[in-house]
Structures are given as C-alpha cells and as structure tokens.
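Trainee: Okay, these came from TrEMBL:
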DOMAIN    600-864  domain 'G-protein coupled receptors family 3 profile'
SIGNAL    1-25  signal peptide
TRANSMEM  599-623  transmembrane segment
TRANSMEM  638-658  transmembrane segment
TRANSMEM  670-694  transmembrane segment
TRANSMEM  714-733  transmembrane segment
TRANSMEM  760-782  transmembrane segment
TRANSMEM  794-814  transmembrane segment
TRANSMEM  820-842  transmembrane segment
Amino acid sequence: MWISQALVLVLLLAFGLNPSVLVSGSIHCRLRGISRPPALFREGDFVIGGVFSFHSYVRIVEFNYTSQPEPMQCTGRMFSRELRFARAMEFAIGQINNRSDLLPNITLGYRIYDSCSAVPMAVDVAFQFANGQETDIVIDASCPQVASVAAIVGDSSSTPSISMSRVLGLFRIPQVSHSATCACLSEKQQYPAFFRTIPSDHYQAAALAQLVKHFGWTWIGAVRSDSDYGNKGMASFLKAAQMEGICIEYSVAFYRTNPRSKVKRVADVIRSSTSRVIVAFMASGDLRILLEEFALQPPPRLQWIGSESWVTDPEMQKFQVFSGAVGFSIERSVIPGFRDFLLNIPAAQLSQSTLLKEFWQDTFSCYMPGTKSSVDADQGVKICTGTEDLNTVQIPYTDTSQLRITNLVYKATYAIAHAIHGAVCENSPHSVSQCYKNIYHIFRLFFHVQVFVQLKKVNFTINGYSVMFDGNGDPVATYELINWQKSNDGAIQFVTVGRYDASQTKGHEFSLFRNITWVDGRGEVPVSVCSASCPPGSRKATQKGRPVCCYDCVPCGEGEISNDTDSLDCVSCANEYWPNSKRDECLPKPVEFLAWDEVLGIILAVCSIAGACMVVAVAVIFYRHRSSPIVRANNSELSFLLLFSLTLCFLCSLTFIGRPSEWSCMLRHTAFGITFVLCISCVLGKTLVVLMAFRATIPGSNVMKWFGPLQQRLTVVCFTSVQALICTLWLVLSPPFPLKNMMYYKERIILECNLGSAGAFWAVLGYIGLLAVLCFVLAFLARKLPDNFNEAKFITFSMLIFCAVWITFIPAYVSSPGKFTVAVEIFAILASSFGLIVCIYFPKCYVIVFRPEQNTKKHLMGKVPSKAL
C-alpha cells in the first residue's frame, strides 16, 4: 500500500498538485499540456516503448505568456539510420508475435517516439511512458493506472538516456538502451532500472588507450562532444591514457548548438597543434559541425581515432578527411530477413505515419498527397505515389551491410520480450508455455517491476549472438577495430582489421589480424610524439613545465648505461665493468699489467737479458784471465761474486713482467732486495779491500791481517743476512699480494702487486740506500790513493750512478700510474745494474782485451807510466 501512496505522491508533484488533496479520497486530474502522438505505434497485449533520435534539433518557440505554449517539435534533417533502428524494433516485435515458443498467444505492441537527441524531449517522452496518454485521470487509493509500457528501448545517445533513466528509475520501469555508452550509467544507485546491449565506454576508453599505445603514439590531441557521452567518455579515456604513459597535447569540447565562434576556437587549436593523431570522442552530429569549419580552412593531415558513435556511421563516409581513420565499433552482424522488411513499407503504414511520410519525401524528393496543394502540383512539384522502390536508392536506411547498432536494437527488443515471458508465462518442459495475458490488468502496479526483475536474469542466444547482462546491466564488451580504406573506385569502405575482447586475460584483449591503411593511404604507421625516442645509451630528462612525454635525451654519465629505449634512468656498471662507446652495454674492464707481449715489456725484457748476457761475458773474460794481474789485483773472489749478484739483479727484473700472481708478487720484491744488497755488499767489500790494501803499506800496519778473505766473506754474508731477515719478516707478517687497482683509471683495471706493508718495502730500499751511501763515501775517500789502477775511482762513479738512479726513482715511482710504476722500478734496477757493470768491469775488460801490455804487475804498481789511463 505504501508503494501506491508514494507513487501517487510522485504523480501529484509531476502534475503540479498539492499532496494535501490525498485526504479527500479520489482525485480527478487533468493533464496539463498536449500529449504527443508516437511516431510509430502498434497496439498489443503488452506495449514496449521505443525512443530514437530521428532528428537532432528542437524547434525553438518563444513564449508570450498569453496563451498555452505549443508542444515541442523536432526539426532539422532526418537521420534515416535512426529510422532503420526503429524498424529493427518493429521487425523484432513482428518476429516475436509469430513465435510459438516466446510469448505464445500474446501480442506485443510498440510506441516509438522521437527524442530529437534533446533532453527536454526525452524527459517528456519518459513522463508519457510513466503517466500514460489519458488526458483525464482519477487517482484514488488503488491507483488504477501506472506505466503505459512494460519496458523501453532507447535512447540512441547518453545524455537523453541519462535524463530518461532518472525519471523511469523512480518507478523501476526498465530501460534498455542500444547506444547509450556513458560509463556513468553503470552506477546502479543512480540508474537502477537501466540496462544496455552496447558496452560501456569504460571498456571503449581502455581499448582506445591500448590502440594508441600499441602504435607508439605518445603525443595526441583529443576532441569531444560537450555532453555526457563526450565528457565522461573522454574522462575515462584520459585516465586510461595516463596509465599507459600517453600525453594529451590538448583536449577541447563543443556541442553542435554552440555558437560558431566556439567551434572556430576548437578548430584553431587543432590546426595549430603539433600532434599528428587526434582522438574524437564525439557524436556524429557534433563532428559534422567541426568538419564544416575545417572545410573553410583545412588542418594538417591528421590520423583520426574514432569512437563507436561515428566510426561506422555511413553518413560520415563522404568526408575524405577521415580516410585512414581507425576506431572501435560494435561487432558486425546479420539479421536474416531484415533487409526485405526494410524495403517493403506497407502503404497503409506509410499513409498513417508522419515520420514515414517525411522519410519517403526526403528519400525520393517528392511530396505525399495532401502535403502540397494542387497549385504546387501544377507548378511541377513531384508527387509521391507510394510505389517508389527503395531498392533504387543508396542511403543509410537501406544499407544492411554493416548491421551493428541495428543488431543491438534487435537484441534489446528480444531481451524485453524474454523478460515479459518470464513475468507472465510458465515454462513447461513437455508442452508449450502457458502465458496469462490478463496478469497485467491484475498486477499492473507491479508488472513493470516484475519485468525489471526478470530482465536481470535473461540469458539467451538469438541468431548466434548471446544476450545477457552483468550486475551493472552491461553486456560483455567486444569491439571490432574498423579502418577506413579507399576502394579502387575511391569510395570509403569500413574494413575490420582487429578485435578487442574485454573478457580475455589482461594484456591479450587487443589483437590485429589485417594490415591497416593509414592517412593518405600510407602503409607505414604515422608518428606522433612530442620528443623522439631516446636510444639506448641515454635517458629521458623531462622538460620543465611540459608533459612527461616532452623530454630531452641526455647521454648516460661516466660509468653508466641504459640498454632500453626511452630509459628513465641510467644504471651504473659493476666495479669490474665499464660501458662500451655507445653506453648501452657493460663490458668487462680491460685488465692492464706489464705484459710479455707488449712493446714496453719486450724492450725491458731484452734489456734485462742483454744485461745478464753482458755480465756472463765479463765473467767469461775474467775467468779466462783469472791468473792475470788485473784480475788477481782486484780480489777475484769478490769480483766473481759481484758478477754473480749482478746477473741476479738483471734477471730479477724479469719477475716484474707478466701477470702478477701471489708467488710473483712475493718473489719480485724480495729477490730484488736481497740480490741488490748482495751486489752492494760485494762492492762495499771491494772498497774496503782497497782502503785496507793501501793502509797495509804503512810501516808497522798489520790491518790486512784483520780483513783477509774470511772477513770479506763474512762482511758480505752479514750485510746480506740483514736484508734477508727484513724480507723474511715482510713475507711472514704482511706479504705482497696481487691487487686489482681501480682507483687510477675508471675505465680499466690495473693488476698490480700490493706491497702488503709499505714500511717493509721502504725498509728494504732504505737498507740498500744506506749501504750504497756508505760504499760511495768510502770509495770517494779512496779515490786519490796512489795506483795506476785504483778501483775506488770506478766504484765511486758506479755508486754515484746508483744513488742518482734510486733517488730519482722515488718520485717517479710514487707518481707513475699503473703498469708504468712497474716499468719505472725495472728501469731503476736495470740502470743501476748497468752502471755497476759498466763502471767497475768495462775498464778492466778493456785492458784485458785491448791493452794486454798494461795487464802487468809493474804497470799496476805504478812503476811503468800509463798513457791509457
């Protein structure tokens, strides 16, 4: 009972009556205004309403406030495509009435209205469906008359459908739209009685965003209808595009009733843009207005991406600017027998319907009898006979090659029929369903609610197409990707090149199975980016104040790479890796050390071996002349020991060449330290021998007794043992070890021997230096002692060279990087060794080989004047 009272209250408010009249019992109401007759109608046991946008404008009437306003009327050109939709509803109802398995013994009727794609007209139609068409109504507690239709098919666009649904939803009168795609209509709290056979724009927006991303367009423009369809559809697309990393250069909107100045501003924005791809989320009527503006001043050639509203509209095919356009549309379908139904309009129906008369007159450029006076006929105006053949014309009404939205009208009508069947019929598995046509009159207050409940449950297949609704009243979203391609005769054709199925797993919804012909008939994908892609080896740096798709390509920094296109950041290579020249790959750093096969290594090795061979040659000469005075006079035992140590000095430099290893690192420094101390110890012993020999010539001196051969050997052993002890402690406590040094150079690794203990290394060098200085001082003091062949002079020169080499070695060693550190150390070893062999032994060899006459005891004792020396 409370539902009845609430319904009465709504009706009273709709009629402008005071609700207080409820207390007086029954109420007699008169409908204000004039009820509009339907454009197409048929009586039946149950009536289905239909709302289509046959026209696009409403005639504006100025109110004078002195007489009753005239009812609103649609004006403008008629869209025959919308008439085809309405006729699809008629065709479906005709089929249903002839079926024995669906609503048997029940006749469905219809009332089809023109909304003019305008909110006021759509709301007016909605109230007519809710209130009925009676001019006088008596309202009492039983509320005898509620909705005049069981359900409604329509409207063809979102904004009128939203307005209708707000009214119809109050009464739970089901509304099934074939073309209203606004995602907002899925909100059941606001639109509880709304259903549709076309997918929500939520899915179309996601499909368009995936399409744009698939072809690499990151810089696009967007234009939309300034309506619920355009605004909310574009909002969904912009959100999806943002998630896909797509930037929008501009997003503009207008409506077909806006002043031309606003349309011109929108056109100017598009003309001046830098993006070459534009997404148009628009109704066909709005897009035509924009194209008329472009006809005055064409924009640059653009790649158009269309929404389902216009991308398969046959009336848009005449605009060549859309050649190569792509967009998603409802799946193409076939309705058997529908074309014959379209082409055969009964003469009786034609004469009774004002809408069909208008269509006939527009199609055949004639006038139906009674619409023009006989005077006009006498002036040559063509009169329609009603027998004209629709087969002879090519208009959207007769085009059944692309039945897309038409099939959705067909499915919507069948969905309502199945819902009515569920409300009034009892299905029997063994016999024909039993239907009760009088149930409407018994339960008319709740009948449309029962249809609403049954509509949620429908699940059937018609002509191979499944029909069902989810919890939001939406169908499964499937689209075809349409490409506008030119045929051989230059005509535009709608070619299906791909598919989008929202029921597939994420990432696999979109698929292509044919090549696309792009703008200007090109086969390559057009480019529309704000900034060109950054190649591997660089990263993107966003330009200040601009979208993220506008960026500069900055080369990766030192030691960094990027191996992907359009990398946001560069990554650093691992410590032992370094970028290649393109900075797109990390390569192992080249390992640098003084190798045997490089030029510097070969030169130093040759010098080392040459020095050793030279020492061996001197040793051979000395050995062959070991009994000669010059060899015997210079302590032959120390001379041969010194030659042996010099050989080791030359050869120890070879341990510095090659790849450092744990053993080579320990050997090179200890061998160098011990052999050089052995060498200097021998030289120091020879110096002491010279000093003591001349000291022994002083009467009463027996100094040679205390510095004989044994003491000389012990001196060498003691000095060498100290160095050996230092090296032993070094190797035990903190031995040298191979190290990959990455401090000198970032791009390569220096493989060197770490000293382990720098103090031990400098102790080794310091001890060698101490002995060398001591030897130099003693030799310097003995340089003027009388003798034709005073060896102290040559030792002085050799120690002077030795000290000079090792003093200059210290700064050179510290400052030389990498393998040159090793080269400097080898050079110091070779230079000092050559200094010793040349200064000490070459003069003697010269006398032995080239001046044998001077190799006598008398000459050495200074009793024979010397000319050579």
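Cβ atoms are placed via backbone N, Cα and C, with glycine included.
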Trainee: Six or more residues beyond either end and a Cβ under 8 Å away: which residues meet both conditions relative to the transmembrane segment (760-782)?
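Mentor: Contacts with the transmembrane segment (760-782): 669, 672-673, 676-677, 680-681, 683-684, 687-688, 690-691, 694, 719, 722-723, 726-727, 729-730, 733-734, 790, 792-793, 795-796, 799-800, 802-803, 806.
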Trainee: Where, among 599-623, 714-733, 820-842, do we find the most CB pairs under 8 A to the transmembrane segment (638-658)?
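Mentor: Comparing 599-623, 714-733, 820-842: 599-623 has the most Cβ pairs near the transmembrane segment (638-658).
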Trainee: Taking a Cβ cut-off under 8 Å, which residues six or more beyond the ends of the transmembrane segment (599-623) line up next to it in the same chain?
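Mentor: Residues 631, 636, 639-640, 643-644, 646-647, 650-651, 653-654, 657-658, 819, 823, 826-827, 830, 833-834, 837, 841, 844-845, 848-849.
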Trainee: Over the domain 'G-protein coupled receptors family 3 profile' (600-864), what does the predicted model average in pLDDT?
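Mentor: Summing pLDDT over the domain 'G-protein coupled receptors family 3 profile' (600-864) and dividing by its length gives 77.
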